[in-house]
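Heads up, the thing below is written out as structure tokens.
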Amino acid sequence: MALLEVRDLKVEFRRRGEEPVRAVDGVSFDVQPGQTVGLVGESGCGKSVTALTIMGLLPKRGPHVSGSARFDATELLSLSDRQMRDRRGRDLGMVFQDPLSSLNPVVPIGLQVTEVLERHRGMSRRQATVEAADLLDKVGIPDPRRRLDEYPHQLSGGMRQRALIAIALACRPRLLIADEPTTALDVTIQAQILALLANLVRDTETALIMITHDLGVVAGLCDEVNVLYAGRVVERAKRHDLFAIPRHPYTHGLLSSIPRLDAPRGDRLSPITGSVADNIPWTTGCAFAPRCPNALDVCVEVTPEMTDDVGVPDNRSLRCHNPVERAKRDGEALV
Amino acid sequence: MTARTDKIDKLAQHTARSDAGVSLAAAAWRRLRRNPVFLLGAAIVVAFVVLALLAPLLAPHDPAEPMLGDQVVRARNEIPPSQPGHPLGGDQVGRDLLSRLLVGAQQTLLVGVLATLIGLAGGLVLGTLAGALSGWVDTVVMRVVDVMLSIPGLLLAVSIGSLFAQPNQYTVILAVAIVQIPVFARLLRGSMLAQRHSDHVLAARALGVRERAIVFRHMLPNSLGPVIVQATLVLAIAIIEAAGLSFLGLGNPDDRLPEWGQMLGQAQNVIDSHPELAFWPAGCIVVVALGFTLVGESLREALDPKSRR
Ligand SMILES: Nc1ncnc2c1ncn2[C@@H]1O[C@H](COP(=O)(O)OP(=O)(O)O)[C@@H](O)[C@H]1O
Ligand SMILES: [Mg+2]
């Protein structure tokens, strides 16, 4: 059974005097124990809101949530505030995008680690301090004992993100959600942090939801990938399959807009035209249709459903009337 | 009223966006050290505090002892002029003016600091309550605070001061302190609300940290910047308002313990013939208030994220 089952999750922000915003519009996906699942899509497509909903961290007033998010057979969306608080940090962990602002600036790093250990694992301050140094050591922070007394601004960006990962994993959660954990970091540091995450989740058998707008991140890390567009999953596939044969025109567009070292000289990058500003809701037709090179008449009339993709051999799903043909991409015959 | 509350809220927003408290303080200090406005204010404040603390040792004479002139001179209402041993001369009853000014500094410091501390303590409690428990507690506290803020500070202080049957220096302190409570409360609530939506509070929530720890370990310590700045400015205000109350006769009736506002009030009767008796205490009040204001304003500027590179 899946560790996390998200079904038809919808989140709508309603503000007085404003049009409601559908941030998440029926997202469904599973995470198996120990599995790393990617949530990929351009900014504004609802990735962070999905994560915050699972964590029960949406603001109290404003959002309307429907659907289901079952963690280990417990419906998270119907837990009380207190029950949810007991699970956060212990069963469910989260790492945010900006490591500097995610740390309390006036509290030493050590206290921020021991805070969780005392809270969830009932340790004394002394035990927690020993464990904290151990945790910092595990995430590759040199001289951890001295670091415990330092303040966030005394650490480099990469060290801060390592510290945050240590804090999030301190109570060995079964599911970790990382929301663009490397976006605020230098490129060289990004690779280190991703490698660290990959090793940690493998060693501790933690399931990981990797949220990113960067397919490069997905390529190195994820077992399965969900591509999100305008609050819905439009394509789901194993990592290798997705990169080998992107089926949704949006995924195809994302992949062709990444510069590749192995591309023939003179090949042009083909970015997806338009932007999130052109996004339309999933009411009639496909939300991607206005930006889609493959759009047909049916695409603006009938909203596509998520179905098993029969055009390719592997077990994958797709929400598209006119997917990119495999033949078009690599010249092979259709299966 | 709205101008005043708006100003408080803006102040709360400003410093609340601090991204790293400790480095922020270090950076602010680096900038302050080179700021002539701050250095001038700090010089005044330090000089005032040192003189006030050492006043009993420095004062050449007993401030309560009429020692200049004789019965006849005093009966004619003459003011003893400057003379050897008494550089500023005497007051209406022949007490050494310099000694009275020095000991008066001590009283002024005491009143200013105590009034500010009490106002700060009250404001911290109310502001933390309102900022931590939103909902009806917040609504009630902020209604009261806004009503109090809608009354000009000095007027409110005078009204509170006149409620006491027997005014003394502690009723002055209390009256001035109560007026400052709503300023601190609103300021603290504003920056606590900004902290509530900060990334590090969200991150703490994501760890299941309990609400009490969120408030006292994450929100409150990060909200204190603007409050500390305000406390410096309030010291100046408290000194002026306390002097105002004493001037109006709502202060300590016993004039053997000198206080600048009270000295100013007593100099009124002879202001035509001897303006210098009013000039000295008034000048002291203005300079000291200016000193605290310069320090407070340059602190605020140094902590304002917009002025940072
Ligand atoms: N608190 C909020 N109030 C109103 N709208 C919100 C709020 N949070 C997010 N949104 C909207 O929800 C949509 C999805 O946001 P988000 O999940 O943050 O995107 P991303 O995929 O970049 O993480 C955006 O259109 C955003 O404007
Ligand atoms: Mg996001």
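Easy rule for this one: first residue shown is 1, then count along the chain.
Yeah, the Cβs are placed from backbone N, Cα and C, and that goes for glycine too.
Note that TrEMBL annotation is computational and uncurated.
What TrEMBL records for B:105-296 is domain 'ABC transmembrane type-1'. For B:37-59, B:109-132, B:144-164, B:170-188, B:227-250, B:278-299, the entry in TrEMBL reads transmembrane segment.
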* Could you give the residue numbers and ranges of same-chain residues that sit at least 6 residues beyond the transmembrane segment (B:278-299) on either side and whose C-beta is under 8 angstroms from one of its C-beta atoms? => 28, 32, 35, 37-38, 40-45, 48, 88, 97, 101, 104-105, 108, 228-230, 232-233, 235-237, 239-240, 243, 260-261, 263-264, 267-268, 271
* Structure fact -> Under 8 Å Cβ-Cβ from the transmembrane segment (B:37-59), and at least six residues away from its ends along the same chain, one finds 96, 98-99, 102-103, 105-106, 108-109, 287-288, 290-299, 302
* Tertiary contacts of the transmembrane segment (B:109-132) (same chain, 6+ residues out, Cβ under 8 Å) -> 48-49, 52-53, 138, 141-142, 145, 169, 172-174, 176-189, 191-193, 196, 211, 215, 219-220, 223, 227, 231, 234-235, 238-239, 241-242, 259
* Asked: Which sequence positions outside the transmembrane segment (B:227-250), separated from its termini by at least 6 residues, show Cβ-Cβ distances below 8 Å to it?
  -> 11, 15, 108, 111-113, 115-116, 119-120, 123-124, 127, 153-154, 157-158, 161-162, 167, 171-173, 175-177, 179-180, 183-184, 187-188, 191, 259-262, 264-265, 281, 285, 288-293, 295-297, 299-300, 303
